[in-house]
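The transmembrane segment annotation in TrEMBL covers 20-42, 54-79, 99-132, 153-183. What TrEMBL records for 212-242 is region 'Disordered'. Taken from TrEMBL, the feature compositional bias 'Basic and acidic residues' applies to 222-234.
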């Protein structure tokens, strides 16, 4: 029963959230089983551009460290807020959601060229949390039963928690900064006087990820129609024969 419940929950996840979280879990499992090592995954501009190890542009977003509290903490927040975004403000807009992924990861990668950052998955999670929090400003949050606050403060609370654990806050600040850039360009600037939408999802992403709308004027050929669903014209001809 538990397996069936887990399978049902997993298959009920929206596509992008399911793909990304699955990739993160499988990457961590591969490291734990020693099929690969973190040294094959981390962000290294020299190895990317000189040795053409292009996969590092992706894998550095997939590894959150060895199994432990930090890993599960990040996975919970990644799953929760990625799913809420995909099922909320990005419902029916999978291509736009994928474009947000690409935009955020591109900015983080550019920053990573000038800083000694090896893994950017946590920054990406904070970006997702930031965008969700700004789009849901009136939701009340509770952090471990200790703090009550409204959603826009959540990224800053997570950063403070990370600081208490002794971690560097540069990653969290990067996620907040990139999240704010996306939020400003997508939600704020287009609504300003003289503003316009600058982040335009490429058409090829829409072709791949978005289901095309059905043409209401389309009439299939007789052999393509179910026998029990004749065209209105056929029905009229049957009801009023010449």
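Cβ atoms are placed via backbone N, Cα and C, with glycine included.
These numbers come from a predicted model, not from an experiment.
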- [ ] Give me the stretch from 20-42, 54-79, 99-132 with the greatest number of Cβ pairs under 8 Å to the transmembrane segment (153-183).
- [x] 99-132
TODO: For the transmembrane segment (54-79), could you work out the same-chain residues 6 or more beyond its ends whose Cβ comes under 8 Å from its Cβ atoms?
DONE: 17, 20-21, 23-25, 27-28, 31-32, 38, 40-44, 47-48, 105, 109, 112, 118-122, 124-125, 128-129, 158, 165
Task: Residue numbers, six or more beyond the limits of the transmembrane segment (99-132), whose CB comes under 8 Å of its CB atoms - done: 16, 20, 24, 38, 41-45, 57, 60-65, 74, 77-78, 81-82, 84-85, 88, 90, 151, 154-155, 158-159, 170-172, 174-176, 178-183, 186, 199, 201-202, 205
